[in-house]
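I grabbed these lines from TrEMBL:
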type     : residues : note
TRANSMEM : 6-21     : transmembrane segment
TRANSMEM : 28-50    : transmembrane segment
TRANSMEM : 56-78    : transmembrane segment
TRANSMEM : 90-107   : transmembrane segment
TRANSMEM : 113-134  : transmembrane segment
TRANSMEM : 146-167  : transmembrane segment
TRANSMEM : 205-228  : transmembrane segment
TRANSMEM : 252-270  : transmembrane segment
TRANSMEM : 276-293  : transmembrane segment
TRANSMEM : 334-354  : transmembrane segment
TRANSMEM : 375-396  : transmembrane segment
TRANSMEM : 402-420  : transmembrane segment
Amino acid sequence: MGLIYLLAYLLLFLSIFIFFIKRNSTCFVISFILYQCFYDWIIIHLSYFLPSGIVLILKSLQEILLSLLCFLFIYRVALHPKIKLGKIDFILFIYLFIFIIGLLVSFSKGQSISSIIQGVRLYVSPIITPYLLYKNKLFDGLKIDLLNKCFVFLLCFLLMYSVIQVYSFDGNLSHLWFYRFYDDLLVNPIDSASFNYVREGDLRATAVFVSSIHLTVTFFILALYFYIMKIKFWPLWCILSLYGIQLTQTRVGYFLIIVCIGIGIFRRVFPNRTQYYFIPLLAIGVTLLSLIFQLISDESALGRLVQYVVFMNHFHIMGNGLGDKFALVFYDSFYISILIAFGILGVIYIFCYLKILNILACKLLITNESESTKLLTFTLFLGYSVLYLFAFQYVAGAFPFVFIWLLIFISLSQISTSSVRNG
């Protein structure tokens, strides 16, 4: 069985490199999306069969790709020293500065190399890798129809896996495919926080992810994509995506849908305004008030409220660094984790994300081509709605987080290509 997972991993990664070399943007993007989606599922299964050293080598292939992209980007800049840099490039340089400070802080605090590498994978790679793909023109010529088929495949696979997982559950959490992986830890998080995996005796589906939250957000992404892109049989795909959200038994999927509806209303009432961030911020405020006045009172939800009070105990003005344990999957809030990792620079991190979305929103006002407009609309609705998600869930390095940044730079590429084509 381990051989099958090894072949699957190598097939996906070889596909990425082959299509990268051939500059087949559509197949490359599809391979990259599938690789990111199934990464944890395959790697954790491989850890059951292969020596830790080999698994470490396989995991390092991501850094090889990132290094190759950096080399190509530097090579292109060397060949064209007068290359023009835009607002997006300036924002990415700010991100790079923040990341470098985070690394320096980590080294100054004597954090382990393995923790720092993990921090890079969670916070740095999801942003820098898509940016370098964009700058190396790996998104040019992307065929949306093939991307549609990729998402339909993802939906069908994840939904079937979830159905099998939920209805075959016998009440024993040790039967979860990732249980053994976490059982090596001092305190198994599955046993110590079983409410994250079971609700009223029923399993909360996780499919190929280790968290039902990541699965429900993925189903939400797919539902939003099918609705906005209006692909063939889109009502069916939307209904199936909503059923997938139901199988995860998490509220956040429905909250994200409500936020999207609010963004849609805002866009219709104020068609020439771009302050879409107002809607998720309003939703965050309403949720926090609901927690304070115990309108939402379950253990998991109240724990998130407490974290906003106690995180200051671990906050430092310059941050604790990328490898700090409180920045690595400790707090539920992504915002808190950013502030723990980068300190006051974490505010700039969030502001830069909003600035990129605002650039895309302004592009949407002047973009006329239907296909580019649909993809850009999807990107904005997703990008702004997850501002709500960031307040209550830790998503760094997870597939939804990687996908959001990938989508942002795909949209920028599509806009640039459309502008060139239209003269």
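Along the chain as shown, the residues are counted starting at 1.
Every residue, even glycine, has its Cβ placed from backbone N, Cα and C.
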So which of 6-21, 56-78, 146-167, 276-293, 375-396 has the most C-beta pairs under 8 Å when paired with the transmembrane segment (28-50)?
6-21
Mind checking which residues reach the transmembrane segment (334-354)? Cβ under 8 Å, same chain, six or more beyond either end.
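Those are 91, 94-95, 98, 101-102, 105, 119, 123, 277, 307-308, 311, 314-322, 324, 326-327, 389-391, 393-396, in sequence order.
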Hey, does the transmembrane segment (375-396) touch the transmembrane segment (205-228), meaning at least 3 C-beta pairs closer than 8 angstroms, sequence gap 6 or more?
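Yes; at least 3 Cβ pairs under 8 Å.
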What residues elsewhere in the chain lie close to the transmembrane segment (6-21), defined as a C-beta under 8 angstroms and at least 6 residues from its ends?
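Those are 27-28, 31-32, 34-35, 38, 42-43, 46, 49-50, 58, 61, 65, 138, in sequence order.
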